[in-house]
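Peer 1: Structure below; questions to follow.
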Amino acid sequence: MSFAVTVNELSTLIESRDVQQLNDLGGIDGLVEKVISDGREGIDSGTIEERKKEFGENFLPEKPGKNFFKLLFEALKETMLILLMVLAVISIVLGVAFDDEPEYGWIEGVAIIAAVLIVSTVTAFNDYQKDKQFRALSKESGIIPIKVLRDGSNQNVNIDQLLVGDVVILTTGDQIPADGILIEGHDLKNDESVMTGEIKPVKKDAERPFLLSGCQVAEGSGKMLIVAVGPNSEWGKTLLRLNESDDDDDQTPLEEKLDNLAKLIGKGGIIFAIATFVVLLAGFLIQKLVSKAAWTFKDVGIVVNFIVISVTIVVVAVPEGLPLAVTISLAYSVKKMMKDNNLVRKLVACETMGSATNICSDKTGTLTMNEMQVTQAYIASKVYDELPTQGDLNEHVLKLFADNASVNSSAELVKPKPDSHKQYEIQGNRTESAILIMLRNIDVDYKRIRDDFDHARSVVKVFTFSSKKKRMSTVVKVEDELQLHCKGASEIVLEMCRTELNESGESIKLDDKRKKHIKENVIEVMAKAGLRTLALAYKTLPSSTRFSDDDDEEDDRKQDEAESNLTLIAIVGIKDPLRPEVTGAVNQCKKSGIVVRMVTGDNILTAQHIARECGILDSSGVAMEGPDFRKLSDEELDEVLPKLQVLARSSPDDKYRLVSRLRALGEVVAVTGDGTNDGLALKEADVGLSMGLTGTQIAKEASDIVITDDNFSSIVKAVLWGRSIFENIRKFLTFQLTVNIVALVITIIASLTSFLLPQETTTGAKKAMDPPLTAVQLLWVNLIMDTFAALALATEPPIDELLNRKPIGRNASLFTWRMWVNIITQSVYQLIVCMTIYYLGTSKLCITNADGSVSCLAADMQTNNTIVFNVFVFCQAFNEFNCRKINMEFNILANIHKSVMFLLIFVVTAFFQVIIVEFLGRFANTRPLSLAQWGISIIIGLLCIPFSLLVRIVTRGLLLIAQKRGLVKEEEPRQVVRELEEYSQVDE
């Protein structure tokens with residue numbers, strides 16, 4: 001196969017957008033031939049591989065991922081780690097040259113370097129995994145189905161499978177998937193602002209046929225020929241230039257908040273570190289002066305060791321794990337949310353969903369199954385409770401009904417996939433498809449009708465559906481006249497009619513009295529049964545009628561004029577069953593303190609029926625129609641909003657105003673949308689939720705989360721994940737601050753007293769007590785509290801109990817009073833046991849044996865310090881269990897079997913602690929412990945759990961007593977009691 005045009009010629013054509021250049025290639029028809037395609041059939045699938053080789057594919061070269069070694073280098077560039085390594089090198093030099101045991105003098109310095117490398121490697125690995133996960137998620141978000149013609153039939157292919165020569169079917173809201181030429185269009189207007197900066201939609205026709213990738217169809221429909229894909233397209237070239245920049249990812253608000261907290265804690269750590277160094281140095285200098293000992297190079301090593309300890313304190317104090325915990329929690333949650341049919345496009349949405357107080361939901365497809373079926377009809381003045389057969393309808397009536405349903409629609413019933421049990425797959429609007437299915441059931445071939453009109457090039461004008469006008473019309477040429485077919489909201493179309501067909505196919509007068517009868521006995525009866533109603537009407541126009549192509553106002557005027565004085569053909573009642581799980585999901589939202597509001601374009605009676613059925617509308621709620629809603633001032637609307645539960649016959653502007661007013665009142669609003677005009681509301685909301693199955697590409701681009709199954713219950717799962725993220729971060733904060741406080745206080749107190757309480761050496765001389773936690777040990781603690789704890793606590797799976805709480809709130813504090821109770825009491829317990837062992841382990845914590853000899857907890861100070869280190873680490877390990885439940889719950893082991901990562905981290909921490917103590921003595925400055933000493937260390941650590949339980953029991957009791965005696969502030973008791981009641985039940 002040989003193509004008559006090159007990739008460069010096509011790329012130049014699009015770049016220049018010159019109609020004359022297009023004409024030089026033979027015009028549109030000539031270009032179609034040159035790329036070996038067909039405007040009606042599309043390409044032959046047998047040519048796919050040759051097209052890929054000749055013109056390329058519709059994706060860009062993947063941007064290289066972050067290199068692990070580059071990430072490691074970035075981790076090692078941290079100032080404090082560099083300083084530690086420099087000091088470690090100095091320590092090695094001094095140790096080898098001047099230590100009492102020079103053959104071992106290098107060990108501490110090397111151990112510090114090794115510890116720094118391990119911490120940096122783990123940090124780099126986490127960053128590498130994060131990058132890998134988010135790249136995989138970005139691939140998922142790149143799944144965009146495109147409607148094309150191939151082998152003469154309609155097919156759905158992913159956007160990256162498009163090829164030059166493909167004929168793409170475009171409808172309102174679609175993204176232009178690659179550069180191309182318009183080969184057929186009906187009032188097609190594109191939003192090209194992203195490429196050209198032109199805000200006003202650009203009309204596309206024979207004089208302006210160029211369609212640019214990255215732009216979107218604002219109005220109308222049509223077909224385009226793909227002529228440039230991937231890096232050869234204009235959008236592709238732009239993205240390639242953008243990919244050359246290596247900007248850091250923006251932080252989410254929670255990450256920023258935690259980053260600021262980390263900096264604040266870090267400053268406190270620096271103050272602690274300076275104070276520790278000053279105290280150690282002052283004590284050392286005083287000791288030297290008092291003893292009048294001579295200065296040696298060994299003294300320099302001691303001072304260097306003081307600096308090492310101080311710098312290590314800074315490393316431990318700066319909680320790098322805070323932002324890391326958010327990143328891990330987000331990465332974990334986003335991946336899991338995919339399984340719950342939530343494709344997250346913007347990470348901030350995960351956090352915000354946890355604070356949502358209002359959900360404004362569409363009805364069709366979200367609350368209902370979007371499986372449309374015509375179950376009742378009013379055709380030619382007669383009501384059909386069961387659908388008519390072909391023989392029941394007059395031939396003229398059937399033709400008009402079939403023509404209207406076929407030509408005034410862009411939906412398709414296509415062959416199902418081989419593994420599908422369905423009779424057909426639906427492409428396009430589900431409401432239109434319901435009428436096409438009805439035609440098929442009465443043995444009318446809508447495709448043949450369309451083909452007849454297409455081949456005769458009979459379609460003169462298409463007035464595309466407008467959510468504002470709630471109708472659409474198509475004008476076709478029939479013999480020597482024009483015929484306008486209109487369909488839309490039943491009560492709106494009914495008011496535009498002056499006549500209606502009777503059973504004989506004759507037009508009869510339709511006066512106000514008759515219209516009222518139809519409205520009350522047909523439309524309202526169907527609506528009260530929960531059916532969506534759609535009216536079909538037609539009108540004959542003179543063949544001389546002309547329609548404007550350029551002037552939008554003139555076009556609107558012509559449409560209103562053309563659609564006046566219609567003849568009513570039929571009103572159909574379309575059943576869309578409620579999703580079985582929706583009622584439970586709505587009730588769950590109510591328990592969660594979230595107000596659910598239905599916003600729909602449907603008739604108010606239909607909306608009320610569905611809203612009552614699923615539990616949205618109750619006896620105290622208000623249902624309102626869009627026209628009445630628009631009349632309200634902001635002040636009046638603010639009074640209605642607390643009770644407004646259903647907004648029917650609403651426009652996108654109504655939805656936008658509703659969201660805007662709710663946010664102005666301080667509510668956190670999530671809103672669903674599937675249409676092109678929903679973009680503003682989706683952008684205005686705190687979280688925009690678009691529909692993956694029925695949503696337009698414009699709606700998806702404007703949204704933060706794509707609900708891939710269009711199901712309301714999936715939105716509730718998004719709320720659960722949002723709350724879980726915030727809860728997990730609070731767990732991690734509780735754990736990390738406890739570790740920070742204990743580690744820093746132990747170090748500073750030990751430093752203060754090391755020279756005041758000197759220990760005796762084997763020679764009887766006095767020397768300062770060694771600090772209980774050395775630099776290497778503190779770096780191991782840093783690893784536990786940052787990376788390990790982030791992995792353990794930030795990946796805790798959500799529990800349904802989170803949905804029984806009230807929303808977190810827009811400006812919720814990172815800390816609660818319960819967290820502070822847990823942090824302070826655990827810190828006090830750990831400090832008491834660690835400092836008691838540190839000061840008394842070799843002298844007071846002793847027993848007298850049967851033979852009269854005395855055995856102390858530790859025989860020497862180094863063993864004693866090892867026990868302190870061991871107790872400290874096991875206190876943290878067991879306190880992690882306490883931190884799984886930070887709201888005074890009793891059962892801290894609830895759902896522990898689901899927290900695989902948590903259990904794994906606990907085992908890994910215990911394993912490496914054994915290795916460090918028993919086998920890395922010189923490196924970690926530890927000594928092997930006896931079984932008894934191990935048992936004591938573990939038991940003291942384990943006692944963190946019953947101690948925490950005791951604190952929870954006492955705290956609850958004190959609060960209840962304080963509430964009963966009126967000691968709690970008046971505005972707080974109800975909240976306190978309610979919270980206590982929420983958490984008083986032991987988790988299942």
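The backbone N, Cα and C atoms fix where each Cβ goes, glycine too.
Okay, so TrEMBL annotates it like this:
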type	residues	note
DOMAIN	24-96	domain 'Cation-transporting P-type ATPase N-terminal'
TRANSMEM	80-98	transmembrane segment
TRANSMEM	104-125	transmembrane segment
TRANSMEM	264-286	transmembrane segment
TRANSMEM	306-332	transmembrane segment
TRANSMEM	732-757	transmembrane segment
TRANSMEM	777-799	transmembrane segment
TRANSMEM	820-841	transmembrane segment
TRANSMEM	861-879	transmembrane segment
TRANSMEM	900-920	transmembrane segment
TRANSMEM	932-955	transmembrane segment
Peer 1: Could you name the stretch, out of 732-757, 820-841, 861-879, with the greatest number of CB pairs under 8 A to the transmembrane segment (777-799)?
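Peer 2: Answer is 732-757, with the largest number of Cβ pairs below 8 Å.
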Peer 1: Which sequence-distant residues neighbour the transmembrane segment (732-757)? Criterion: at least 6 residues beyond either end, Cβ under 8 Å.
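Peer 2: Distant Cβ neighbours of the transmembrane segment (732-757) are 265, 269, 272, 275-276, 279-280, 283-284, 286-287, 309, 313, 316-317, 319, 321-322, 325, 768-773, 778, 781, 784-786, 789-790, 793-794, 814-815, 819, 822-823, 826-827, 830-831, 834-835, 838-839, 868, 872, 875-876, 879-880, 883, 886.
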Peer 1: With the transmembrane segment (900-920) as the reference, which stretch in 820-841, 861-879, 932-955 has the largest tally of C-beta pairs below 8 Å?
Peer 2: 861-879
Peer 1: Taking all residues of the domain 'Cation-transporting P-type ATPase N-terminal' (24-96) together, what is their mean pLDDT?
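Peer 2: The predicted confidence over the domain 'Cation-transporting P-type ATPase N-terminal' (24-96), as a mean pLDDT, is 82.
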Peer 1: DSSP says what for the domain 'Cation-transporting P-type ATPase N-terminal' (24-96): how many helix, strand, coil residues?
Peer 2: 47 helix, 1 strand, 25 coil
